[in-house]
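Down below is the structure, laid out as structure tokens.
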């Protein structure tokens, strides 16, 4: 039984090495085109700015959704007739207000991150300009 395991392990290892060996040239070619960092000046800073802008767009969408949710709950609360319904809606409104406040803080923080990323990009571009 141990001999079978040994031969099976050796066969798997040989197969894996053979497969990996045949993939090495293709893998090296793919690294030449996409795996290496971009050599253009300020590419990393531009990538950070793009990422920060995308994140700000997502946070802005979340904030807008929370804002509309709060408005809808406030309207429903004013239209509520029973005390039980008012209490239930008030609880939901309190939670929505807390979430909205959290989203507002996230949005402000993301604006700061974007401003810092844009400043780093501007500094990098200023360094690249000939004197």
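Glycine is treated like the rest: Cβ placed from N, Cα and C.
Summarising the annotation, TrEMBL assigns compositional bias 'Basic and acidic residues' to 68-86. Annotation comment: TrEMBL describes 25-50, 67-86, 97-131 as region 'Disordered'. Marked as signal peptide by TrEMBL: 1-24.
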Contacting positions for the compositional bias 'Basic and acidic residues' (68-86) when only residues 6+ beyond its ends and CB under 8 Å are counted: 92-93, 96-97, 100
Helix, strand and coil totals (DSSP H, G, I; E, B; other) for the region 'Disordered' (67-86): 17 helix, 0 strand, 3 coil
Counts by DSSP class (helix H/G/I, strand E/B, coil) across the region 'Disordered' (97-131): 32 helix, 0 strand, 3 coil
